[in-house]
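Everything on this sheet refers to the single structure shown next.
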Amino acid sequence: MCESMRIVCALCRVGLYALCRRLCCKGPSPVRPNFSILCIGLENAGKSSILSCLSGDDLHKIEPTIGFSIKAILFDDCILEVKELGGGDKVRPYWDRYYQVFQGIIFVIAGDDSDEKLHVARDELLKAVRHHQLKGLPLLILVSHQDREGARTAEELSTFLQLVSEIENRQCLIKGCSIHHKEELSQIFAQFNEILQKNLDHDIELRKNSPQHGGNRL
């Protein structure tokens with residue numbers, strides 16, 4: 001089954017579930033918010049594998065992303081619509097052309113990369129998060145390939161690349177992961193999703209209380 005059909009089928013299941021609740025007099029199902037997420041990182045960092053692991057796709061049929069791809073990942077409390085950009089040398093200079101209205105950023109760094117490539121990854125990360133269209137967005141840094149020998153942990157990588165001082169004023173999670181431990185990966189995304197949900201709730205509350213919506217009128 002192609003990726004587009006997988007997404008359609010998944011969304012259809014959500015719609016049928018809501019319909020059944022109404023027919024059984026259980027009322028409408030809770031609406032799951034959709035969050036638009038940007039996923040970037042160097043080539044072979046494991047971006048596609050991580051997203052495929054979460055969505056239940058066959059990990060043996062993953063191909064390198066050329067240009068960009070979009071994947072809908074369904075969780076119990078929300079849906080992440082993830083736009084993944086290719087990380088090759090010829091693609092990265094054009095990343096900013098794909099920047100749009102996102103609610104969060106995922107940056108994947110291979111924990112077993114060479115020092116040289118890790119510094120390239122750091123430069124690309126800082127360039128992205130400083131872009132005016134991405135400033136202030138929640139950031140999830142995934143240090144992949146934790147199952148490989150010699151891979152740096154999230155703490156080691158953060159210290160090596162001196163990331164804390166660069167992102168201290170931003171909502172940020174730095175987590176090590178492996179596609180062979182899906183449960184841990186799901187827990188990481190549960191934390192990230194919670195940040196997204198809190199930001200959404202905050203924005204809704206601000207709109208309710210804004211003068212345009214007549215909030216707090218006497």
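Glycine residues also receive a Cβ, built from the backbone N, Cα and C atoms like all the rest.
Where the annotation comes from TrEMBL, it is an automatic prediction and has not been curated.
Annotation source TrEMBL lists GTP binding site at Gly41, Leu42, Glu43, Asn44, Ala45, Gly46, Lys47, Ser48, Gly87. Feature annotation from TrEMBL assigns Mg(2+) binding site to Ser48, Thr65.
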How big is the gap, in Å, between the Cα of Ala45 (GTP binding site) and that of Thr65 (Mg(2+) binding site), rounded to a whole number? 11
I need the least crowded one of these binding-site residues (Ala45, Thr65, Gly87), counting other C-beta atoms within 10 angstroms of each C-beta. Thr65
Pairwise CA distances across Gly41, Leu42, Glu43, Asn44, Ala45, Gly46, Lys47, Ser48, Gly87 (listed as binding GTP) top out, in Å, at 11
Neighbourhood of the GTP site (Gly41, Leu42, Glu43, Asn44, Ala45, Gly46, Lys47, Ser48, Gly87): other residues with Cβ within 8 Å of the Cβ centroid, in order? Val108, Ala110, Ser144
Fill in the CA-CA distance, Gly87 (GTP binding site) to Ser48 (Mg(2+) binding site), as an integer in Å. 11
Of these binding-site residues, Glu43, Lys47, which scores lowest on Cβ atoms within 10 Å? Glu43
